[in-house]
Each structure stands twice: as C-alpha cells, then as structure tokens.
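The following features are taken from Swiss-Prot:
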DISULFID  CYS3-CYS9  disulfide bond
MOD_RES   CYS9  cysteine amide
Amino acid sequence: PFCNAFTGC
C-alpha cells in the first residue's frame with residue numbers, strides 16, 4: 001500500500 005525498503009511500492 002506504500003513504498004518502503006521491504007515491499008518497494
């Protein structure tokens with residue numbers, strides 16, 4: 001649902 005180091009975007 002959002003961008004982060006684990007899922008990307």
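Every residue, even glycine, has its Cβ placed from backbone N, Cα and C.
Of all Cβ atoms in the protein chains displayed, 8 besides its own lie within 10 Å of the Cβ of CYS3 (disulfide bond). Within the same chain, residues at least 6 positions away in sequence whose Cβ sits under 8 Å from that of CYS9 (disulfide bond) are PHE2, CYS3.
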